[in-house]
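**Q** Please see the structure below; I have some questions.
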Amino acid sequence: MEIAKDSVSNSPGSSVLNPFYSPVSDNSNLSNTITSDVYGIQTPAFFNVLKDDTGNFKGESSAGMYHSGIVDTATPFESVKEAVSKFGGIVDWKAHKKMAVEKQKNVQLELRKAQEEIPMYRKQSERAEVLKEQALKELDKTKRMVEELKLKLEKALTEEAQAKQDSELAVLRAKEMEQGIGDDVSVAAKTQLEVAKARHEAALTDLISIKKELEELKGEYAVLVKERDSAVKKAEKAVADSKEIEKTVEDLTLELITIKESLESAHASHLEAEESRIAAALAMEQDSQSWIKDLKKAEDDLMQLNEQFSSSKNLKSKLDTSSALLLNLKVELATYMEAKLHEENSPGISTQEAVVSIRKELEEVKLSIEKSKEEAECLRVAAACLKSEIENEKEALSTLKQKEEISLISISSLESELKKTSTELELALSKGKEFENEIIELPSLLQQATQEADQAKGFAALAREELEKAKEEAEHAKAQASTVSIRLDAALKEVEASKASELLAVAAIKALEESENNASNSCDITNDSVSLSFEEYRALSEKAREAEDMANKKVILAIEQIKEAKASESMSLAKFEELTEELNNKKEALRVAIEKAEKAQEGKLCVEQELRTWRAEHEQRRKANDASFLSQSTEECRGPNSYIDEEIINSANSATNPKLYLSENNMRSAKLETKMKKKKSFFPRIVMFLARKKAQSLK
């Protein structure tokens with residue numbers, strides 16, 4: 001072990017594995033030493049030092065490595081700072097805290113900026129909505145303009161096509177006239193007639209279809225007007241219902257506030273009743289203690305009177321003995337006098353001295369007799385006084401017993417009344433629980449009513465929006481009706497134009513027939529035809545083809561636009577149907593909400609009625625209890641016999657002991673005053689206190 005230790009200490013990693021190594025205080029040197037130790041451990045020289053001559057590690061046998069304990073004798077860490085500096089580093093927590101505070105401040109600043117930017121973005125969104133509405137209005141206007149332009153284009157195209165047909169037929173007829181073909185045989189005249197008839201029929205069919213469409217649009221417009229009026233009425237009803245619901249909600253909130261105030265007042269009165277009950281209990285305890293003291297005093301007085309009575313008996317026995325001694329003395333005096341008389345007969349000075357002594361003795365005896373008589377009289381007076389005091393004390397004891405019986409009766413009556421009030425309180429508390437449950441449910445009902453009112457307001461707003469949409473659709477229908485009327489006017493004009501062209505064609509045919517007749521009669525062939533070159537004819541034909549192509553393209557575009565208009569019309573009709581369905585659903589929801597509000601109002605009225613009945617019953621019971629208690633207390637306090645007995649007792653007590661009389665009068669007056677004070681507010685307060693206590697326990 002020593003060799004290994006020395007070799008390890010000489011190796012570059014000795015600072016780590018040497019148990020006698022002391023840590024360096026300097027952090028920079030320490031980190032350098034640790035890194036050098038780690039790299040030194042990984043060198044092959046270190047492993048060679050650890051190995052012995054056999055090639056095995058030192059401390060390891062051929063059978064295996066034996067367990068050996070290594071004792072760490074390094075100096076312990078002197079402080080936490082040293083350990084931290086050895087195994088890592090010190091973090092500047094103050095700077096970290098400052099960074100966290102700065103981050104919080106930055107977050108708060110960003111939040112404030114976001115809160116300041118919220119109204120800006122709201123205003124921007126509102127402006128965007130306004131611009132959107134304006135764009136939608138402009139789009140509707142452009143759509144109307146496009147439809148009008150489409151109608152004008154269709155009219156122009158039809159006129160152009162008719163003009164082309166008329167020009168082509170006129171050219172054919174001119175060619176036929178040049179060739180000398182008559183009206184009966186001419187194809188152009190027949191085609192002109194057929195075209196005119198077809199145009200006339202098409203115009204008539206268009207006129208009939210347009211009239212039908214106009215009638216349908218009028219019917220739809222009338223239906224839309226009716227629906228608009230009904231929607232306006234329903235919206236007004238919804239607004240009125242929402243106002244009524246708001247009023248009912250306000251009334252319910254006011255009633256809830258009043259109920260809460262009444263409950264708080266009931267709790268306060270309950271607390272007052274509890275305080276008064278405690279005060280009454282304390283007063284009863286004080287009265288009982290005073291009565292116990294009075295009883296003890298009366299017992300002490302009785303003991304004193306008994307002692308005085310026994311002393312008077314002793315005095316009587318002494319008086320009897322003294323009277324017996326008096327009689328004996330009288331007998332002795334009589335015998336002595338007789339002896340004296342016998343001795344008087346014997347003269348001398350001794351007789352005179354004996355007489356003087358006898359007289360002195362007689363005087364002393366008389367004085368003693370008088371004293372004994374006075375003492376006997378005093379004893380008689382004292383015995384009479386003691387007898388009167390004993391009688392007074394007996395009467396006082398009887399009155400005290402009567403008072404105790406009365407107090408016991410009053411206590412039993414109070415206990416019975418308390419039981420009754422407790423039962424009534426339990427009933428009232430059960431009703432109070434139900435009422436509190438209903439009151440607890442009232443805010444939820446109020447919330448439901450407010451939610452339903454908000455829903456009704458939302459439905460009203462949606463109904464208004466749908467009304468506006470219906471108005472817009474009605475205006476759109478009006479625009480469509482105006483376009484249809486414009487189409488009808490155009491069709492009528494086309495019919496008139498076709499009629500005029502037909503008349504012109506007939507007139508041209510007649511003129512041609514007349515000219516042919518004139519030509520056949522005169523046999524002079526006039527060359528009215530216009531001679532054109534091939535290039536001019538080709539250019540004219542190309543222009544006619546281009547005009548036809550342009551007309552066809554315009555017709556195709558017009559047909560596509562008509563299809564788009566029909567698709568938008570069908571979409572608007574589908575939207576209108578969806579809106580009507582939503583409006584009907586919202587109407588049903590509003591009706592359900594109104595029914596719920598009516599049910600909530602009915603429930604509230606029932607709860608109010610139950611509360612009023614409970615209050616009336618409670619007040620009647622309280623009044624009846626107060627009246628019965630007052631009648632019992634007046635009967636107990638104002639009874640004639642007890643009053644006379646009390647007066648007699650008080651007079652006797654005043655004669656014997658004025659202090660007791662005064663104290664008893666003061667006690668009675670104080671008791672009467674406290675009773676009269678407590679009778680008014682004792683029982684209702686007890687009832688309210690118990691009710692409040694149960695309510696608090698339930699809470």
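Heads up, the Cβ atoms here are built off N, Cα and C, so glycines get one too.
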**Q** Which one of 36-63, 288-315, 624-651, 652-679 shows up in TrEMBL as coiled coil?
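**A** Checking TrEMBL against the ranges 36-63, 288-315, 624-651, 652-679, the coiled coil one is 288-315.
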**Q** With the ranges 511-541, 573-603 to choose from, which does TrEMBL describe as coiled coil?
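**A** Of 511-541, 573-603, TrEMBL gives coiled coil for 573-603.
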**Q** Could you tell me whether the coiled coil (97-166) and the coiled coil (573-603) have 3+ CB pairs under 8 A, leaving out pairs under 6 positions apart?
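**A** No, since the coiled coil (573-603) and the coiled coil (97-166) share fewer than 3 Cβ pairs closer than 8 Å, they do not count as touching.
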**Q** Would you kindly list the residues that approach the coiled coil (288-315) from elsewhere in its chain, counting only those six or more residues past its ends and only Cβ-Cβ distances under 8 Å?
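**A** Residues 375, 379, 382-383, 386, 389-390, 393, 396-397, 400, 403-404, 407, 667 contact the coiled coil (288-315) from elsewhere in the chain.
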